[in-house]
Amino acid sequence: MGGGSRRGARADTSGRAAGRYTFSLQWCLVFLACLFPAWRWVWLGYAGQLGVNPPEFLIRSSGIWSLVALGAVLAVSPMRRWAGWTAPLRYRRMLGLFAFFYATLHVLGWALWEWGFALAPMWQDILQRTFLQVGALAYVPLIWMALTSTRGWRLRLGAWWQRLHYAIYPVAALSLWHFWLMRSGKTDYADVWWAIAAALVLGLARLRRGAK
């Protein structure tokens with residue numbers, strides 16, 4: 001009896017250790033995959049292969065990779081619900097923080113290379129260009145979510161934490177609109193209101209589902 005119990009305990013301990021090792025390895029692989037675009041930019045810069053306009057390349061590339069990370073965050077829940085795949089839940093916070101990381105590089109690149117961090121001209125540019133207004137509306141909630149992504153903030157905010165982080169849905173919608181407006185060169189303000197309306201509908205629908 002005693003020997004069997006000890007062997008069972010050792011097997012259980014070994015199983016937990018193997019599980020922790022697998023999780024750590026997967027975490028490192030996901031982290032390295034998320035960081036790969038930034039490493040690639042460094043390598044391209046070192047090799048002088050950032051194209052004829054390196055600042056524009058870096059601004060646009062960081063924005064695109066922020067969208068990719070946002071898409072990965074949004075894919076986690078459907079994978080769990082429809083495919084029963086729960087492993088990505090462990091990495092959702094990391095993916096969200098990388099979305100914020102690349103979005104911040106995108107904003108800083110625009111502020112530095114377009115305006116040299118001159119606040120007054122930057123503000124005027126935002127007021128005059130629709131796609132910048134939509135981008136700003138998408139970026140501000142990302143700051144809130146990144147700052148409150150820790151376990152401590154989750155405990156402090158309680159149920160409000162989940163409601164705050166439902167903002168990922170309108171953020172994703174606004175980010176897509178920002179990208180579309182930038183690519184199409186549109187300047188009419190009607191598109192902004194359509195983007196806001198779509199984001200609000202998505203956010204409210206998600207809140208209602210969460211409340212049930």
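Heads up, the Cβ atoms here are built off N, Cα and C, so glycines get one too.
Pulled from TrEMBL:
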- 21-43: transmembrane segment (TRANSMEM)
- 63-83: transmembrane segment (TRANSMEM)
- 63-175: domain 'Ferric oxidoreductase' (DOMAIN)
- 95-118: transmembrane segment (TRANSMEM)
- 130-148: transmembrane segment (TRANSMEM)
- 160-180: transmembrane segment (TRANSMEM)
- 192-208: transmembrane segment (TRANSMEM)
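If you look at the transmembrane segment (160-180) against the transmembrane segment (63-83), you find at least three C-beta pairs under 8 angstroms, all six or more positions apart, and that counts as contact.
Mean model confidence for the domain 'Ferric oxidoreductase' (63-175) is a pLDDT of 91.
Against the transmembrane segment (21-43), stretch 95-118 shows more Cβ pairs under 8 Å than any other of 63-83, 95-118, 130-148.
Broken down with DSSP, the domain 'Ferric oxidoreductase' (63-175) shows 100 helix, 0 strand, 13 coil.
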